[in-house]
Each structure stands twice: as C-alpha cells, then as structure tokens.
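Undergrad: Below is a structure I'd like to ask you about.
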Amino acid sequence: MKVSPDIGIIVIVLVLVVAGVVMIYSSSGIMSGESQKYRMDPLLFLRKQLVWMVLGIVMMLVFMYLDYHILEKLKYPLFALTVALLFLVLTPKFGKEAGGAVRWFRLGPVSFQPSELAKFCLIVFLASSLSKKQKKVESFTYGILPYIIVTGALVVLILRQPDFGTVVLLGIIFVGMLFLAGARIFYLVGIALCSLPVIYALIFSSAYRRARVLAFLHPGNDPLGKGYHTIQSLIALGSGGPAGLGLGAGRQKLFFLPAPHTDFIISVIGEEFGFAGTLTVVLLFMGFLWLGASIMLEAKDKFGRLLAGGITFIIVLQAFFNMGVASGILPVKGVPLPFISFGGSSLVFMMACAGVLVSVWRHRPKLKPQSLKLKVKS
C-alpha cells in the first residue's frame, strides 16, 4: 500500500515527538528530581515539553492548512523580524545568558532562540528570491553575491552570541539551496573552498572551540575535561548492545552523561533501546528525507520545490549532525535532535516546518479529470 507523503510526514513527526516526550522524562526525571537547581521536580522537563508539544501541534496544523505562498509575501517582514530579534538578544534587557553564550531572547516568562527562526527565515527568503531568478542564478554577480550578503548578515549576528553550530548549519543551507536552484557547481565549490580558511580562523581564534576540536581528535587525552562528553556518550551507546537495557534502566543519565535530555538524548535512546532503537530513529529520519524529496519533486512551482527541499534538508541535516556528535564522528556542539530533544524553540519551529512541507504537497497540481478517462478501442 502506497502511503501519501503528507500522511507519512505527519506520522513520522508525531512518532518522533511522542518518543521524544517519553525519552525526555526517562533522561531527566532523576536529574531534575534530585537537584535544587530544578526545584527537586522530576516532572519539570516533561511538563514543559508537553506544553511545547501542544503549541507545536497547533503550529503544524496552522501551516498545514495555510497556502504556503503566503510565506513568499512575508519574506521581507520575516527577515526584518529575525534581524531585529538577533540584535535584541545581544542586549542585557532581552538577552538571557546560558553556558557562556547569549542565545535566548527573554520577554517576561517566555524565552526562545531567535537562531531557530533564522534557519526558517533563510530558507523562506532564499526559496522566494531564487525562484524568481531563472537563468540569473547561474551568474555570480546576480545569482549568488546578493545571497552571500544576506546570509552573511545573519551569520555575523549569530556569531556574536556566539553559536558556531547554527552558523555552520546556515552555511550548509545556503550552499544546498543554491545547488537546488541551479547555481553553477564551479561557484559553489569556490564558495566552499573560500570558507575553509574562515572556518579555520573562527575555530582556532577561540580557545574554547580549539579545545573542542582537539578533544574531538583525541578525546582520551582529556577524559575528564573537553573529551568527557564524547567518552560518556560512547559509553552509553556501547552499553545498550543490540536491544538495550530497557526504558528507564540507563545508567549514563545518572549524572555521568551531560545534557542527556537535550544534545545527547540519542545516547540515552541507544543505551535503553540498544542498536535497534538507534537504528529506528535513523530510519525514521531517512523516511522523512524520502517523503520530503517526493514532496519537493511534486511541487507545483519553483518556490514550492525550493521551500520543500530546504526544509527537508535542514531537518535531516540537523538530525544527522546531532547523531554524528553523539557517536564521536563530529566535534561536540549543541545542536538538538529535531522533534526529540527537549527545547521549545526547536520543537515548535521544526513542527511548523513540517506543516509547511505538508502544505506544499497539498497544493501540488492535481490530475485533470480528462486525464483519468479510459480510451476504449472500437
């Protein structure tokens, strides 16, 4: 039985979100229940995530039933709002510091990460603008340079927080969407090569980033310092074996594994559900990639194709970025696992993106009645 891509996307998202809620409670219950920092409340993170889940479902439903072309009309206001929030988050009045970085915009009791909006904003802006370029996208001056400036503006503001992980994701989104729009490979390779010395300078000009990269290359040299995250994550994944220790029976979340409910939640899944559980998550994201690509190819216009391609790309890219960090393939960086990790900003924006993806499918061109007529030979 063939599953419609929109139904498939909805099912995968809901399965991941529900699994995330379960794993957030499993990974954070003891940690928050025995810590004064979290008011000795074992249900603290669970309750918060349930609230964000409801809001995320509402956002997904809203964007599912809206015509995605409304985003094309809102690209400039959306970009202006994103830039304004990225500016404001750097001010003491609105910025909230956590872990040595100011990434949270605070307004009364509500706080969220503007960098999550920046990912969505860049995809919408590039999809809308590139869809109108036609053959001009093959020109560096008219098809690429303006978007280097636009993306660069967001990158500079996010680096001020600093949030190097999001900067890398924005750069990959930028190159990926130019590729989908038909930009010349020569220019894209040139951009990638020119960015390497910039990335090198950004990494090694910061003692913190430099230490993270060196710990990634040799985690055993500093097992209780910069290599601690990677080593504890690998212990969790290895402890799970083929089928896992069972839900709630993981040991690494007991104050060994840092951020077990956020950046390293896949490690808890691997420990409690084993290789089978980890593989299931990977296959769900692969299914999301397949369905998202199907929606992209069936879109009725170039804006829809680029929008669907960009959304699919960022969700799957971020998922494998997160899992790459947890498995020691990539340096440690705070990138949440979409739909699963604790965090309101990420969950709501990712579910909104999934709603837009469904909208692109539901507004695809339908078969005309005459094309369904059977021809009977006389």
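Cβ coordinates come from backbone N, Cα and C, glycine included.
Okay, these came from TrEMBL:
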TRANSMEM  7-30  transmembrane segment
TRANSMEM  50-66  transmembrane segment
TRANSMEM  78-95  transmembrane segment
TRANSMEM  139-158  transmembrane segment
TRANSMEM  164-181  transmembrane segment
TRANSMEM  186-208  transmembrane segment
TRANSMEM  273-291  transmembrane segment
TRANSMEM  303-325  transmembrane segment
TRANSMEM  337-361  transmembrane segment
Undergrad: The transmembrane segment (186-208): which same-chain residues, six or more beyond its ends, come within Cβ distance under 8 Å?
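TA: Residues 100, 140, 144, 148, 159, 162, 164, 167-168, 171, 175, 178-179 contact the transmembrane segment (186-208) from elsewhere in the chain.
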Undergrad: So which of 7-30, 50-66, 139-158, 337-361 has the most C-beta pairs under 8 Å when paired with the transmembrane segment (164-181)?
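TA: Out of the listed stretches, 139-158 contacts the transmembrane segment (164-181) most.
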Undergrad: May I ask which of the stretches 7-30, 50-66, 139-158, 303-325, 337-361 has the most CB pairs under 8 A with the transmembrane segment (78-95)?
TA: 139-158
Undergrad: Under 8 angstroms for C-beta pairs, at least 3 of them, ignoring pairs fewer than 6 apart in sequence. Is the transmembrane segment (7-30) in contact with the transmembrane segment (337-361) by that rule?
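TA: They are in contact.
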Undergrad: Is it true that the transmembrane segment (273-291) and the transmembrane segment (303-325) have 3 or more Cβ pairs under 8 Å, skipping pairs fewer than 6 apart in sequence?
TA: yes
Undergrad: Using a Cβ-Cβ cut-off of under 8 Å, list the residues of the same chain that are 6+ residues beyond the ends of the transmembrane segment (50-66) and lie near it.
TA: 6, 10, 13, 17, 21, 343-344, 347-348, 350-356, 358-359, 362
Undergrad: Sequence-remote contacts (6 or more beyond its ends) of the transmembrane segment (139-158), Cβ cut-off under 8 Å?
TA: 79, 82-83, 86-87, 90, 115, 118, 121-122, 125-126, 129-130, 133, 166-167, 170-171, 174, 178, 181, 183, 187, 191
